[in-house]
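Noted in Swiss-Prot for the protein shown:
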COMPBIAS  1-16  compositional bias 'Basic and acidic residues'
REGION    1-23  region 'Disordered'
TRANSMEM  42-62  transmembrane segment
TRANSMEM  79-99  transmembrane segment
TRANSMEM  105-125  transmembrane segment
TRANSMEM  197-217  transmembrane segment
TRANSMEM  227-247  transmembrane segment
TRANSMEM  296-316  transmembrane segment
TRANSMEM  321-341  transmembrane segment
TRANSMEM  361-381  transmembrane segment
TRANSMEM  390-410  transmembrane segment
Amino acid sequence: MEPNGYRKERRKEQHLGRMNGGGGDVETDLDPWTAWAYKPRTISLLLIGACFLIWASGALDPDSTTSDDLVTSVKRGVWAMIAVFLAYSLLQAPSTVLIRPHPAIWRLVHGMAVIYLVALTFLLFQRRDDARQFMKFLHPDLGIELPEKSYGADCRIYVPDHPTNRFKNLYDTVFDEFFLAHIFGWWGKAILIRNQPLLWVLSIGFELLEVTFRHMLPNFNECWWDSIVLDILICNWFGIWAGMYTVRYFDGKTYEWVGISRQPNIIGKVKRTLGQFTPAHWDKDEWHPLQGPWRFIQVLTLCIIFLTVELNTFFLKFSLWIPPRNPVILYRLILWWLIAIPTTREYNSYLQDRKPVKKVGAFCWLSLGICIVELLICIKFGSGLYPTEMPLWVVTLWGSVGLGLVAFLLSWTWKIQKILAQKRR
């Protein structure tokens, strides 16, 4: 007799199998070479994990693992806690709508998101100086104040008096780490959102936010040609183009999956193995922001959250003294990208669901929670770090945008209600 959770999982996998073009039981459709990976072995893995804990903790030989260094013992204990929780998530966390390369991968990402949320909550309750020193436990180079680079100190493209390179300013900007970060970042966002107008709204919106907060962060103080030409027209455009090209490639592809063991040669087996890391089927994310006022607000909320997560990167980096090239920045971005993949799918499914009563998925909840706690950390640790007040013209501009948006939504709603009233007559 199967456990109740496994029966539910099998029914879900069978439903997904039928959606992908298969009509039979998933177990019969699985390739013999990979069928073992889809069979539950939770008890076996629990016992293996227990054996690993016995070895790592020295439970049977306490003297061999005794350490006089309290910090080392605490570090090992914390990493063991994280490993146990991730193992639980890998085996027992709720599955998502994604099944490639394996549902367990996304359960593991779910566990990583929970750990990140809990760690951020712990950091939120610390003092700013203590939090900065705490970052040393993540990387030994952290906890040291570093000067922030300003890109708008000299906006000349051609510097005739420079001794070695007359295009020094342009050279330094192009070969800065943020140049490639823009390209790969927008390629990843295009794969997530799959809507070119929405991507351009985000691209231009973030540049406007850089102008808004450049009095607070030196990184945002950019030259006009850096912000408009290099960022928007070159880096962001190329990243969006490459991402949408990837989207169109998978959208036009015919998905007829054949098992690895049934491939005729080694090349076919290698291609099929690599294909396991691509989507099982490609769904179009239809956002339709102009479908109605409420849908417009829902899509606008998605844009605001995306932009807030991006802003949090720079404010966290500034307040916690994390240099741009430190791997902690890269780890956070990779984790956020992994979290955003199922989050975007869940949110789009939520918008397209016609049920009167519905709720967002677990990843949507986690993403919003992480975004909020990151923002609270930026606000708390940023207190007193930004002595320059926001310019009056910036406040006036965004106030006007907010009032205009409210007026637009009210007018739109009034017109719809007027049309519906006429139809009832």
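Placement of Cβ uses the backbone N, Cα and C atoms for every residue, glycine included.
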Same-chain residues at least 6 beyond the ends of the transmembrane segment (361-381) whose Cβ lies under 8 Å from its Cβ atoms
94, 96-97, 110, 113-114, 116-117, 120-121, 123-124, 128, 131, 305, 308-309, 311-312, 315-316, 319-320, 339-340, 342-343, 346-347, 349-350
Residue list, the transmembrane segment (321-341) vs rest of chain: Cβ under 8 Å, 6 or more residues beyond ends.
98, 109, 112-113, 116, 132, 135, 138-139, 141-146, 149, 177-178, 185, 188, 192, 309, 313, 363, 366-367, 370
With an 8 Å cut-off on Cβ pairs and a sequence gap of 6 or more, do the transmembrane segment (105-125) and the transmembrane segment (79-99) reach 3 or more such pairs?
yes
